[in-house]
């Protein structure tokens, strides 16, 4: 046997010692081979990273932490030929950004609803002021622009109309303003078909000063139009007023109101005095809040009188630097009108005003 041949060079070794030597030699050889293999793989990996950067994608749930530490790079984003990265498991996925969501990514509270209240008129009566004032109330959300749905855009449908509205909570009122509704023949029926419970707000003003204000606004946009006197009369010497001119026709409030009373009871229509809105804004807004069935949140503390513009403005909120006042287009200086023309128009409007007072049960004292 071999140990006898080897044993010639020295005394024989015990069997146990030979086994330990064999095991140690084998272990040392395996360790060397493994180390060489790992070094080789590491070198190949480094060369691949230097040649073409690649990123690990789509880690499994069990390996996310490990890959997060060893991930070689962050991709700039998928190319047109490259599929998007798969979404993370549902439990770890962030909430999707929805249309109309806030900056934090969570959906805005509330629902878009059809308006429960409308400011339907009248043009140049003070409707913008009422809208801006009532928007201060926490229980009212109002559309800032005039959608003209019931006069110009009715064919777009109620779903389109609803999509324009601000989101509201169950306890809030949705409101919009379009002054031309009051003189639109089809508007009362269309609003009734939307909801017979709709509350209507009408801001009225002395029809003569309203017509002059209307003309002043038009003149600022079209300086070449005829004079106010020329547009107001078909024959001034005979005192024949041209009721086809819209600035005159709008002020015939009793005539337009008849169309509304065919569909809505007087209790659902609230009339605001444009004159009192200037002299006592808190009082007029208090009555509007009562009509809408909401708390009297807007009071005297919310207003101050702007002497330059000649009407009240909202006091500045704590979060802003400047007071909230209507824009430059509001509070224009009216054009000078011949006093005789004003007297003729007052006489023309007198029977309409009296009938209007009797119908609504209020005396606006325009005579």
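Every residue, even glycine, has its Cβ placed from backbone N, Cα and C.
Some features that Swiss-Prot has for this protein:
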- 124, 125, 126, 127, 128, 205, 213, 330, 331, 332, 333, 334: 3'-phosphoadenylyl sulfate binding site (BINDING)
- 73-83: compositional bias 'Pro residues' (COMPBIAS)
- 84-96: compositional bias 'Low complexity' (COMPBIAS)
- 313-325: disulfide bond (DISULFID)
- 66-115: region 'Disordered' (REGION)
- 1-19: topological domain 'Cytoplasmic' (TOPO_DOM)
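Annotated features taken from Swiss-Prot, shown on the structure.
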residue	record	contacts (Cβ under 8 Å, 6+ apart)
124	3'-phosphoadenylyl sulfate binding site	179, 205, 210, 213, 214, 217
126	3'-phosphoadenylyl sulfate binding site	203, 205, 272, 274, 277, 278
325	disulfide bond	306, 309, 313, 314
333	3'-phosphoadenylyl sulfate binding site	216
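Cβ contacts within 10 Å of residue 128 (3'-phosphoadenylyl sulfate binding site), excluding its own Cβ and spanning all protein chains shown: 18. A mean pLDDT of 51 is what the model gives for the topological domain 'Cytoplasmic' (1-19). Cβ neighbour count for residue 313 (disulfide bond): 22 (other Cβ atoms within 10 Å of its Cβ, all protein chains included).
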